[in-house]
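Asker: Sharing the features that TrEMBL gives for it:
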| type | residues | note |
| --- | --- | --- |
| REGION | 94-114 | region 'Disordered' |
| DOMAIN | 170-409 | domain 'Peptidase S8/S53' |
| ACT_SITE | 176 | active site, charge relay system |
| ACT_SITE | 215 | active site, charge relay system |
| ACT_SITE | 385 | active site, charge relay system |
């Protein structure tokens, strides 16, 4: 039996459990687009109160929001331009980060005085006119756009954990919220390398799982279901609200590639943002270039985003990155998924079942009835964030069966026989999802 002959995995839930889960998933999908501006505003207010303010703006006539760090721009200078930055950036000072990756040349500059968004954009445009690559310092939410009021629902494990006998396991690096440090007894995440703990419950109101708490744990469970023998490393680039900067995400991508030290690795990036003023996130662009140029055995897989538009989303839309959209369980396009000719493939992203964390949802009061997740929790969740790890894991499973196969060649092998869905690329059906 080949690895791919197991796909799609069967749905083992009872009729009663499936009916329960379907109601939760409909709630998730219904609010995935509609409530996003309100959630962004709540997070923005909290960030400001905590001393880490962010700006939000709508770049077009829609109500979608792009998030930007307050008073900051990112600069990607050439070696010849670096000595000139002080004069070109009067009123700004370079901000060094202790954990900065040695492979990263972009720098963040902070204004000495408060500057509104238009002033930041104007300063970045002025630098670009002078030949210096610059942009605002973008916030890269998980699975952009932020998943509205969409939060997980309780479900059951599809089956006990079991290995698949891979002869040549490869590494999957998940760049996300980190991994829970809660103890599980079901073996699903016991062997995973945690390179950043997900704090889960630090944002008011307390005694509730934070927005995006458990996101990395959920993505990890997806990978372990499909490629249980692969070597999973989970990195954290976000704050407790599921938001991180362009620079922080790029640092972790570079770190993950460096940690693999030239061995086969698939980097899963279920996050990103669109371009601002035609310029994509600069640190992420540099990270993608660094990984591709330094490590030929590395493959980056990224989610397409939850805008429901033909809106290129980065890092997914960078050349060489595998971009992944979301489908319903019947393999029709998910309404929230970004789409377009820039997508390589899609997988089920509606009502995906995976490992979750112990605690209480929703993250805020007044959003619905409390949902309690017990020990060894499993959940349903929706978004392109959870389609991408299926592709990462499928590539890892193919590599695990053939020590000579690079992740890039494994991806080519994976999508070769698959049907096309216009605007969504090749259809790769691995996990069953939940019918609406």
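Here the Cβ of each residue, glycine as well, is placed from N, Cα and C on the backbone.
Predicted automatically and left uncurated, TrEMBL annotations should be read as such.
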Asker: Within the chain of residue 215 (active site, charge relay system), which residues six or more apart in sequence place their C-beta under 8 angstroms from its C-beta?
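Answerer: Result: 142, 176, 177, 198, 242, 270, 385.
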Asker: In the predicted model, what is the mean pLDDT computed over the domain 'Peptidase S8/S53' (170-409)?
Answerer: 94
Asker: Counting across all protein chains shown, how many other Cβ atoms sit within 10 Å of the Cβ of residue 176 (active site, charge relay system)?
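Answerer: For residue 176 (active site, charge relay system), the 10 Å Cβ neighbour count is 33.
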Asker: Can you tell me how many other Cβ atoms are located within 10 Å of the Cβ belonging to residue 385 (active site, charge relay system)?
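Answerer: Excluding its own Cβ, residue 385 (active site, charge relay system) sees 33 Cβ atoms within 10 Å.
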